[in-house]
Amino acid sequence: MSDDEKQVQKEVQTSSLSDYDEQSEYQEPPQGETLHRGLKARQISMIALGGAVGTGLIIGSGTALRRGGPLGILLGYMYVGLVCYLVMVSLGEMAAFLPHKKGFAGYATRFADPALGFALGWNYLFKYLIVTPNNINAAGVVIQYWTRSVHIAIWMTIFIVAICLVNFLGVRVFGELEFWFSSIKVLALIGLLLMGIIIDLGGNPKHDRLGFRYWRGSYGPMGKYLLDQVKDTSLSIFLGFWATLTNALFAYIGTELIGVTAENPRKNIPIAIRRTFFRILVFYVGGVFVIGLIVPSTDRSLFVATSAKTGAAASPFVVATTLVGIRVLNHIVNAAILVFVMSAANSDLYIGSRTLYGLAIEGKAPTLFKKVNRMGVPWPSLLLCTAFCALVYLNVEASSAKVFGWFVNLVSTFGALTWMSILYSHIRFMKALTAHGMSRDDLPYKAPMQPWGAWFALISTIIITIFKGFDTFLPWNTANFITTKLIPYKEVDLVTGIRAIEEEERQYLEEKASQNTVIVTYAHDVIGYWPNGSVQSWNDDKQPTWPTTLKGHLLKLLVMWKRTLLLITLATGSLSCSNLAYILQSPLLPQEQVDFASLNMSLSSVSRSVVKRVFAAETPEGAGARVRRSIGSMTLRNLSPFLMLDHFHVGEGAGFPDHPHRGQATVTYMLEGSSRHEDSAGHKGTIDQGGVQWMCAGRGIIHAEMPVHAKGKPDPRGLQLWVDLPKQFKMVEPSYQELGPDQIPTAFPEGPDGPVQVKVISGKSHGVESPVRPLGGCWYFHFTFKGRGTMPHLLSATGWTAFIYLWKGAITVGDETMPNPTFHTLILSAEDGQTGVKLTAGEDGAEFVLAAAEPLDQTVFQYGPFVMTTREEIQKTLLDYQMGMNGFEKAHTWKSEIGNQ
């Protein structure tokens, strides 16, 4: 990417109602205390390195060694290490290009789905709610190496109180303490690796050179896990290797945090990923290799030996010093391990409390957890996370080894879900780059081995997670599996919900009956003849007054005959357009007064139907705005020519200052309140409730959209629709058309007092035509049903893309029986012969828009507010904007009045 293009990325602010950026991320509470950011650079660097090395290597590796053997554990940690590396580089590519304050959840929200981002935030919190008591449990295991006279619950209580107090003292005390703890951890780990190498080479009291002794003979390079159950040596060896993957996954989890904590991300994240990961890889892979050299996998003093009830020799490093007869060193090593696990518990409690605080700030957790004290400590969040530490008391009844295993499984699952989300977000990110016509070669950091690396890591993580509990099913018992996984027949629920189903069936039958009645009533209405020559409704309570002359009697008889003939043809199903025309064409009912298109639509069953429903979830947008986006979201990217649909709500203090557009039309329709507009072409105005602004960006325009907030007026709410311009109109001069609420014509299909009205924003409906003339053509209608009703609407242009967005009430489309709920975009079918759409509202009425336009036979390349047809055109647009030419001459000189107030 050239320097010019890099500068464009900094200057382009896509902050319109359709903005993809979230400028309100992690906003602090407007009043009261906030978090204190007091960590220094040296503290962050050392905490990040030391925090990624914990119980997974020091203690958990004992379990992996016993199950997989020295070669199995080495291969397992290498395999998961590769997966971890791919997770890191995937995260790094996203973070370097688009640093995100919300971390992993922010990328999931932006590139996948807001629901995934929400779930990922809580998933990450759950991980720290479990991993903290896991480390405290490990500390209790380590302390029992020295003494068993004090009950382990007492030690647990002491540890919980200690780390809670450290966190309550504020970030400065925490940072300094963790800096020294992490320094000790790194030095201790280096010392342990050197100690292992020395022991293996014979530098021990027995002067016994071990070499690869524990890789040969009865020890074997591979463990034989569950051999007694499976009765197959090859299978048990594979199962032993597979069992190491869970422990390796647990060990590496947490490394990904480094990818979102670097300062100046575009420069430092690639460096942090390369340096930190390779350091950790050396520690872990080198550590398990050394462990495999100095500890036999068959030694029963390992952490998970069957006879181990107290975990007296919790770490394989402690086991190694005991085996070679080093009497003092084992106590030193055990003390270092205690520092490891206590430091990890302290850091995990800190991260967990801040994670919950962040969720509360985003509105994804109760507001109680926004509170902080004068030292910047989120004390409600800290108290809740501390309360979860009480889970360690589980090992009062069960062995420490068993409880440790439970926590490892839970933490591994939560961590694996985080990795999956990161990888899936990165896959979506790469696809989005392609869709926008961008190349990964232009990114600040290009991840290696992509896109196949992300797919490989994602599939590997999924498989490891699914099958990590395989030993639960060994030995296999089909009867036990079926009886525990399937509900017994006598316990099957055949009652719950049956009344709701019966009610739906009753409503369905009533609707069917009413449809038959509607046909007859409609035929009754259209044949009614009034003496003044007009066609009006012939109701039972308002009969026409016929002339008393002979001619009047004859006219009455003729009309009654026509009415009878129409009803017969309706009843026999033999009605066609030609038959209907023959019946109705006569001097008594002038042809020009018959709406044949609408009548055909109402009497036929050829209505468009719903082929896809997309829920528009509400998400933050800009500073203070809330947006429900359906078209343009990850779930509905391609709906030519429609590029985006936002249902927006702009609160106090929010706004969308100067920003550019090229290659599309933006249509802003106000539902409530008012919004002001000003652009570089000299247009300005205010859109009030019920008004519309139709702006064609063409070759380029800069504009601002600012809400009007006044006492007694509601917050601005409305819809903004982006419509792609045909290729031949991409570089036309920008244009602007604004219609007030009184200038938009309204159609009343059943009269001004009828239950339905249609505001014709553009196009035609029921003989009413809008003055708007958009480039490329687009029909846009606002429907209001005041109550229950059914109305056919003509969409004679077959093949056009059409959708409905509903924000009030519920409607059915065509022959649907189940109503569509609010805040859904309904994509309509476009098959030959479907000349209209039948719309039915429920008892409470409904409000929605219906838009239709001819799809464009052209490729869409979009980069924020720029929409063109090729990647080269996008690159040229970026250069035009940077250089201030070809439509962007005022890009760097023009400033709107409303955007700078």
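Here the Cβ of each residue, glycine as well, is placed from N, Cα and C on the backbone.
Annotated features, as they stand in TrEMBL:
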type: REGION; residues: 1-34; note: region 'Disordered'
type: DOMAIN; residues: 44-486; note: domain 'Amino acid permease/ SLC12A'
type: TRANSMEM; residues: 77-99; note: transmembrane segment
type: TRANSMEM; residues: 111-130; note: transmembrane segment
type: TRANSMEM; residues: 150-174; note: transmembrane segment
type: TRANSMEM; residues: 186-203; note: transmembrane segment
type: TRANSMEM; residues: 235-255; note: transmembrane segment
type: TRANSMEM; residues: 276-295; note: transmembrane segment
type: TRANSMEM; residues: 301-324; note: transmembrane segment
type: TRANSMEM; residues: 336-357; note: transmembrane segment
type: TRANSMEM; residues: 377-396; note: transmembrane segment
type: TRANSMEM; residues: 403-424; note: transmembrane segment
type: TRANSMEM; residues: 452-470; note: transmembrane segment
type: TRANSMEM; residues: 565-584; note: transmembrane segment
type: DOMAIN; residues: 625-723; note: domain 'Pirin N-terminal'
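Helix first, then strand, then coil: DSSP counts for the domain 'Pirin N-terminal' (625-723) stand at 0 helix, 61 strand, 38 coil.
Only pairs six or more apart in sequence are counted, and the transmembrane segment (452-470) with the transmembrane segment (235-255) gives three or more Cβ pairs under 8 Å, enough to call it a contact.
Taking every listed stretch (77-99, 150-174, 186-203, 235-255) in turn, the largest tally of C-beta pairs under 8 A with the transmembrane segment (336-357) is reached by 150-174.
Through the fold, the transmembrane segment (186-203) approaches residues 46, 49-50, 53, 57, 209-211, 283, 286-287, 290-291, 293-294, 317, 320-321, 324, 329, 333, 336, 339-340 of its own chain, all at least 6 residues removed from its boundaries and within a Cβ separation under 8 Å. Sequence-distant residue pairs (6 or more apart) of the transmembrane segment (150-174) and the transmembrane segment (276-295) include fewer than 3 whose Cβ atoms are under 8 Å, leaving the two stretches without contact. Contact between the transmembrane segment (276-295) and the transmembrane segment (111-130) does not hold: fewer than three of their C-beta pairs are under 8 Å, each pair 6 or more apart in sequence. As a quick check, the transmembrane segment (377-396) and the transmembrane segment (111-130) clear the bar of 3 or more Cβ pairs under 8 A, pairs 6 or more apart, so the two touch.
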